[in-house]
Amino acid sequence: MIEPHAPAPPGSPPSWGGPCGPEAPARLPVRPAVGRFLVLAGVFVCAACGLVYELELVALASYLIGDSVTQASVVLSVMVFAMGLGSLAAKRLRGLAAAGFGALEAALALVGGSSAMLLYAVFAWTGGWGGLWADGPRILLVAFSLAIGVLIGAEVPLLMELIQRVRRQDPGGAVADLFAADYVGALVGGLAFPFVLLPFLGQLTGALLTGTVNAVVGAALVLGLFRRDLTRRARWLLLTANAVVLALLATATVLADDFERAARHAVYGQDVRVAVRTGVQEVVLTGDADGRPLDLFLDGRLRVRGSDERSYHEALVHPAMGGPHARVLILGGGDGLAAREVLRHPGVRRVDVLEADPGLARLARHDPGLSTLNEHAYGDARVRVLSGDAFHRLRATPSATYDVVISDLPDPGVTASTKLYSQEFYGLLRRVLAPDGRLAVHAGPVDARPRAFWTVDATLRAAGLPAVAYRVGARDTGPGPGSVPGPRRAAAGPPAPRGWGFLLAARTAPAPRLDPAAPRPHSLTPDSLARGVREAARTQMAGLPPSTLVHPRF
């Protein structure tokens, strides 16, 4: 596939190609040194835009489809492969390097800039079709990765041709200069995406703005610096193409907010009552009107379902409160619902809620629907909200600080939460627990994903916290609180769990029981708890290795 090239005879002039003749240098409106600088500046900007396109696809795919490690691997590997194809294809354009580069950048700006909006549209309006289109969003993700990769890969050979036409240079030095500008541009794009574009503009507008910058710089470089090498027809074609691309991107930018609202209604239904982006995630509340129960979605995944959240939170909290419980730590639980159940027990003096997203805790405190559901738990003086990384917080926490720890975290299968189900993390929890303290862990649906559930059990035991498993059934087959199978309209995802699985751990294997001094739970009884222990035991898988930071098992 890669064609061999014979070395040029000593003293022979370079083969420039291009419309001005095979050996003619570019006719520039500026001095060669300035022209060379402008080409390298264009390389810098195009590299930054290219990396933003890659990161935007990874981020959006992780949000829409889930499993960020898999999505990053798919996008990056497909894109790098496509870049190789683009480099080979660009050899046919070397004779028309200026016109080819101008057309290439216009196409890349349109495809890359619109990719986030088109991918989100397919997910929102066709994600529930199933059948032959069950993997539609995944197919489109691969298609965009291929297209963007081919276009990015074709840039370098054409830019190499252009920079050599500006001023002849030793090929090794030209490649070094070109790659230096390319890599520095990629650094700037890689830092701009998470720290500027994503928090201030969002994924859709950020991608559209990147496409606009890409189109403007590409057109300016070709139509400004190399315009004398273009025919009149080529100049008008490039000018028209870039004007159309910029008009499309500008129109999409103006309509981005309306599009996002329409897509959100397509995903969640028409009863969206709150939709906010915190500094960490998108939080959506639906229902709580005309008798419809309130549902809470975090980054598109159902986290709380008002119709049966009480069954989940009672099963998570009450068995752990069967012993000393004056000092309680809740991991996650920013919605305040686990804190609500903790505060029902007499003798509780302190409740620390360690939530990675303080914006969610603020919403749970101030939103009328959610604060009513959590019975205004954050208004209790005993409750304190802590934010930040759980690892860092626990490392700085003195030993034996808490009598009870409640782990109200997403399923271990969600990549971002995997480290919070590791042996190292449970070792930190063991240290902060009092000698007779208890740890309750939501470990995912034991029926649907037994291997992941019992891996959590093996990890707890490896950390010196033997556990007793129990399950509680949901009232229907849909995903409920604490389960994170993926966005509601995900085209393909794990099966919806029929119940929730929990592990109650301590330094010595505890006996799950309810606190007789506490108010009676609404749905959990001693008999149902004992039955849940027996049902979970029937699914036990022995001999599983623990999950660690360097070797996650989920």
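In case you wondered, yes, glycine gets a Cβ from its N, Cα and C as well.
Of the listed candidates (E314, E341, E355), Swiss-Prot assigns E355 to the same S-methyl-5'-thioadenosine site as Q281, D389, A390. Comparing Cα positions, D408 (active site, proton acceptor) lies closest to E355 out of the binding-site residues Q281, E355, D389. Put simply, the two farthest-apart Cα atoms among Q281, E355, D389, A390, the recorded binders of S-methyl-5'-thioadenosine, are 17 Å from each other. DSSP assigns A390 (S-methyl-5'-thioadenosine binding site) to a helix in the three-state reduction.
Other than the site residues Q281, E355, D389, A390, same-chain residues with C-beta atoms no more than 8 angstroms from the centre of those residues' C-beta atoms, the S-methyl-5'-thioadenosine site, are V280, G332, L354, A356, D357, S387, G388. Per-residue confidence over the domain 'PABS' (247-492) averages 89 (mean pLDDT, predicted model).
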